[in-house]
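A.B. asks: Questions regarding the structure given below will be posed in turn.
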Amino acid sequence: MKIRRKSSRYSDSVRSSKFDYEEECSQERRDKNWFHTLFRWIITINGDPIINETNNARNYRYLPTTTNYIFFLGGRFRQVKDTQYLSLGVLLIIIIPMVLFSIFETGKLWHTEKGYKLLVIWFYYIWAICLGSFIKTATSDPGVLPRNVHLGSVQRNFQIPQEYYNQITLPTFHTDCNIVLKYCKTCRIWRPPRSSHCSICETCVLMHDHHCVWVNNCVGQRNYRYFLTFLTSSTLTSIFLIVNAAIDVARTPDVTDTPVAVLLIVYGFLTIWYPMILLMYHVFMTGTQQTTREYLKQIGFKNPVFHKIKRRPDNPFERGGFFKNMGSLMLQVRGNALVSARHRDHAGTDWTHMDLSTSFQMVSGHPESNETAA
Ligand SMILES: [Zn+2]
Ligand SMILES: [Zn+2]
């Protein structure tokens, strides 16, 4: 009897402390609600823990719970979390020469007798395209595919059926090759042709080319043209930087009087190579109708350097010509976002963003349900 009373008193005290804690938490939540809402709108890192209560939130509030994306300004921009954030370094590399050029060179070239105004205008115009396309590549949707479209049976705790581990082959116009489809065990969807799962972003991406560490985002169907624009405009920006700075050096009798112009020439020569080589690489990749991922799979290496880019004889997407291939990939339609960060879904009831591996482990208590989703 004593024991029972003791245990009852103990459970009462636990219950009361739990109640106090919950009360404290909800009070704290109420106090900080406006601040949390504003902060979460500015930067959404971990998703919204009370998302099921709100039920009409925009997708950016719960996409971070299933992907590695973080969102800024209400889901308008995105980046991948827990990386080296090399994209910030690239941003500085783009901005620094423009600042130096504006301070030390623009005035001198603008007021010359011969008039180099047009070159200065072109530099700023191309630089603005370079910056804009970089931001679009790095922060826009590469073509994220929705989750949990093709699920197993509810009765079997959504375990993946055995037949989903097989590949599906679809016939094409080419008699000697097929299109192969695979099931993504993490996203639980049959992936469309040329799509693949990015383990850094933790999502499947439409027409996936590669995950670019320099922009800290995947390059896929919806941002490929921005990526190519960025490579082209950054190469041209370096050229205009070199030309403009060289004019200043040529017009100055003593080269030691124009140290910044010399610095900008060196800067331009150092920064032109990487985007230019990458642009040439993508010209050949698109001309041979291949994505980077398909090409690496074909050559069997993780690094494409020192490998000849050749047309694949068994390529089912071949258009029958270098320029036809190039046009079909470079000018492909972006299409609508399949998972828009700004769109309002019914959170808690929309399965396309749920992480079924954890939720069904909790519901069913079956450890196997987690294994199958890994
Ligand atoms: Zn996937
Ligand atoms: Zn990625």
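Using the three backbone atoms N, Cα and C, a Cβ is placed for every residue, glycine included.
So TrEMBL has the following annotated:
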- 85-104: transmembrane segment (TRANSMEM)
- 116-135: transmembrane segment (TRANSMEM)
- 181-298: domain 'Palmitoyltransferase DHHC' (DOMAIN)
- 226-247: transmembrane segment (TRANSMEM)
- 259-284: transmembrane segment (TRANSMEM)
A.B. asks: Given pairs 6 or more apart, does the transmembrane segment (259-284) have at least three Cβ pairs under 8 Å with the transmembrane segment (116-135)?
C.D. replies: no
A.B. asks: Mind checking which residues of the chain, 6+ beyond the ends of the transmembrane segment (85-104), have their Cβ under 8 Å from one of its Cβ atoms?
C.D. replies: 79, 123-124, 127, 130-131, 134, 138, 213-217, 234, 237, 241, 244-245, 260-261, 263-264, 267-268, 271
A.B. asks: Please compute the mean pLDDT of the model over the domain 'Palmitoyltransferase DHHC' (181-298).
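C.D. replies: Looking only at the domain 'Palmitoyltransferase DHHC' (181-298), pLDDT averages out to 93.
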A.B. asks: Could you put numbers on the helix, strand and coil content of the domain 'Palmitoyltransferase DHHC' (181-298), residue by residue per DSSP?
C.D. replies: 67 helix, 17 strand, 34 coil
